[in-house]
Ligand code: BES
Ligand code: ZN
């Protein structure tokens, strides 16, 4: 009995039930909230006739707590959903559903709490659910049911108790809105061949599964899911597991199709996915029979835009099977590109969803940067299939381990699929250095949070931040490197074996890594994995290591971008770390050292006058390095005489460390500036990109001041050789350099040359654009160079160029091309065009909701656009808060983007005022971003006061 019985009974009744629900829907949807309200009101009035005391903030009722009690445990669900892809009689898109969950009682209780949000549940004898028991047991009757809006529960109080060890079946029928809100079960729209198409898709992470069907919506509450989707005959339905069959049925007089999916593995609710669309696919089967499919709009598939993803998906799966020492646990792996999608991609088990730009590559129009994005996103999401999906962290407080881990190993998977691209080096740009930038603020926070600190959906959203992703990746990379990769992989494999199909906490991984260390002959760590890692994950920030090569003294200090800032957050480790230091002494790599206290004498680091020390080789550690002045001088002269002696990653490190040490007043800014002098001879991407980011920071500090002119002259001098180099090797910009990262450097050379006014650059890019305007059907601009060319041409042009760009944007059928245009449109210097463009971000017909906040960000990075964007967001704050305030990345990005240029006391006061004015609405998932903005602006004001003059003098002397 059990499973089989319930499936067939439920299937047999599904048609009838769904028909009935359809009729009820229209009335019910509008009534639901009123009923909820009046129910709560009734409870209050019944409770007392005396004056009501204010409700205590910390109620002890279980339904007021965000975490589920530990009384019940789900085993499996049967879920049937029917999304309607046409509007109903009152102009709404809806879905209907029936769902049952078999759960076991773990502790005696007369209360069932199950998550349910924005669903309208059918009443059975006045209650929102039916409860039955398995044979031999009778289920207690339902006393009352209601919705607890704040905590998003359906609350079911019973007349009697559920019995430990016994299983029960909870059944619900419901309708929900298929809104275009990018959350839960939602709809996406696009136009194909002049026809509007609508598809139904999902995004459940973190707390949106409850918006699709009632469920125990916590990652640790794993269960098996039996999913059925009802849809039009000509549409295809997809879900996590493989479809078993699709049959035609008649419901309510309409012919529809019913697709039944095989049972999933035991999994978390946040990884569930459904899609109903008329998408097409391409596929391959691997040696073991795992089916890999790439799905997208018909036109995209016909154009071959899925081919690159198909080419890399299988090798990446193969890589992770080896790396994790565990077979891919499912029989298929679908990747699907969606026209409306909030984040970049989502690792639903077996059905990974992507933004179009993260999966589709068009060889004729996409840049190689777009290709690399696809490679890393696919690799990241597939890494989660094991780490995150097979073994899941029990609660969101450990999200950093899930996302940090995938953000680290995505480079390993990417490197395997594209071995010539030097992918492993790029982690220092995209994770290490970006983590440093926020982790050096006093408003940072430790990687690891206590379970009790993360409760509400907003708090869960806020966990998806740079610290979790990038610092997580950086400390795991460091761990893997000091353990060595074989030891790390061995511990990891054992961890996955022990917790497969279950959940864990971060210390479980440390335990397995420690075991692997203990089993490795000759491997010695100065402390246990736990002790070493505690210092990196339980305290915020990171150290700057100072090496005095005159004495061999090595010391550490908490690195703060604002040196006088008061650190309010206490650390049990006193802001000291156990630091593994890989290093070299002129030309030679030395044995790794550990710094285990505040300061220590390491005699080998004492060097004679013509040697230098370089520490944090290949940036394997998450720390910055400072030296005595003599050593800095020797490093700079090494860079100038023969920079190749210093590993390429460390050339980027020297630049980034020097600039940031200067920002934090550890060294003089002129010393940092001098590290850029060797760039005349640098041809590699990583150092140039690191330099560019620091120089961009300078640009936005100084582009409204007198320093700007002198700085431009210097930069022009530095970039010219690179520009000429690429002009030559690309035969006057007609060919693409063969090396993958050389293509990135070529782009830097063009964009910096144009922005500093290298002769011929602007004319060149504008003539390319003009040619395209004259012949819109034939864009001959190389895809790699398009972003730069479009931006330059639109910046130098007026309404005509802008309108042409806008037209091309609207016509674009390749998402990557649309992004290039969308960002270039923000480059115009014409205020009314920028203002009109800002208005477009509130109109989803013009700019998709998924793209609105990033478009404002592009506008804010333009010197003319910044104040306009700031005013615009403030003026429409309620709208933006309502639309994006509880989402994750996009909202905090919006805040940091519009305040990025702030560096004056006036701007700081505006920022503080903004904080005060909106204290009541709050800042949702952007709260941290706002604090960071205030802290960064404060630091910049101070720094500018002391450094503007020396910077000006230095540029003037160099420009002379
Ligand atoms: N699990 C996330 C997607 C996600 C992000 C869900 C935020 C809910 C809130 C996914 O694995 C992810 O990290 N995606 C990244 C891309 C990745 C390559 C870093 C993203 O969406 O930007
Ligand atoms: Zn991820």
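Placement of Cβ uses the backbone N, Cα and C atoms for every residue, glycine included.
Note that TrEMBL annotation is computational and uncurated.
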| Per TrEMBL, which of 24-43, 44-63, 64-83 is region 'Disordered'? | 44-63
| From 12-33, 100-121, the residue range that TrEMBL assigns the feature transmembrane segment | 12-33
| field | Candidates 380, 381, 384, 403, namely the recorded positions, that fall within 10 Å of residue 469 (site 'Transition state stabilizer') by Cα distance | value | 403
| note | Least surrounded, by Cβ count within 10 Å, of the recorded positions 381, 403 is 403
| If you skip the near sequence neighbours and keep only those at least six away, which residues in the chain come within under 8 angstroms of residue 384 (Zn(2+) binding site), Cβ to Cβ? | 347, 402, 406
| Local confidence of the domain 'ERAP1-like C-terminal' (612-937) - pLDDT mean | 94
| field | Rounded Cα separation (Å) that holds between residue 403 (Zn(2+) binding site) and residue 381 (active site, proton acceptor) | value | 10
